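Encoded as structure tokens, the structure appears first; notes follow it.
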Amino acid sequence: MTVFHFFNCAILTFGPHAVYYSATPLSEYDTLGTSIKSALVYLGTALVKLVCLATFLKVSENDSFDPYQELLKALIGFIDVAGLYFALTQLTHRNISQNHKFQAVGLGWAFADSVLHRLAPLWVGARGLEFTWDYILQGLEANANLVFSISLAALGSLIWLRKNKPKTLIPIIYACAGIVATMPSITSYLRRGLGWHFPKVVGFELFTSLVTAFISWNLFSACQRPSS
């Protein structure tokens, strides 16, 4: 039963990444190398973030919400944006379109995040004797993060790679990118500041990720249309 629960949670956590790659044109254009490079950039970015967090943040004795500490975390979190910029603009990619590039980068980014933050807790906890919903919720949270990562990569590609954007959409693109980039701080405030329980936070992340994906896709489609 414990092994069965572990495999169920693992499939829920990592399966959607494989499904997305196989069910979209990414597999047809052989963008796996781009996703792997993006995952490696994420690991380097995570290391830089870890050093910054250990240097500038103090260890809190309780789990209460500290606005100053959370602001520092949000600022340090923008290192992810710098890493995503590097993955989108500086890495050498095969001859793939901008549409496939941001999806491959976002997919690799999300997969590396899931492996780094969820694989070890899943391996240790999901094989326990006592059943818990926490690891199922973590799998759902990983799915929301996959959508967030691809949405942020899409918005980043519009900001850094698309030159002929409609001027009326530029503030909306930057605003949406800022919201997605600060989503970890938003969920931290909901959990610590407002006292939301984990299932409620995951539900918020799933709903927000769908809204973000809808907005990002429409913005990307609008920027793809030829200007009149």
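The backbone N, Cα and C atoms fix where each Cβ goes, and this holds for glycine too.
Pulled from TrEMBL:
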type	residues	note
TRANSMEM	39-59	transmembrane segment
TRANSMEM	71-92	transmembrane segment
TRANSMEM	104-124	transmembrane segment
TRANSMEM	144-161	transmembrane segment
TRANSMEM	168-190	transmembrane segment
TRANSMEM	202-220	transmembrane segment
Mind checking which residues reach the transmembrane segment (168-190)? Cβ under 8 Å, same chain, six or more beyond either end. 65, 70, 73-74, 77-78, 80-81, 148, 151-152, 155-156, 158-159, 196, 200-201, 204-205, 208, 212, 215-216, 219, 222-223
Between 71-92, 104-124, 144-161, who has the most Cβ pairs under 8 Å to the transmembrane segment (39-59)? 71-92
Which residues of the same chain, at least 6 past either end of the transmembrane segment (144-161), have a Cβ under 8 Å from a Cβ in it? 16-17, 20, 81, 84-85, 88-89, 98, 101-103, 105-107, 109-111, 113-114, 173-174, 176-177, 180-181, 183, 202, 205-206, 208-210, 212-213, 215-217, 219-220, 223
When you scan the chain for residues with a C-beta under 8 Å from the transmembrane segment (71-92), skipping those not six or more beyond its ends, what do you find? 34, 37-38, 41-42, 44-45, 48-49, 52-53, 56-57, 101-102, 105, 108-109, 152-153, 156-157, 160-161, 177, 181-182, 184-185, 188
Should anything in the same chain at least six residues away from the transmembrane segment (104-124) have a Cβ under 8 Å from its Cβ atoms, list it; otherwise answer none. 6, 9-10, 13-14, 17, 20-21, 26, 31-32, 34-43, 46, 84, 87-88, 93, 96, 135, 138-139, 142, 145-146, 148-154
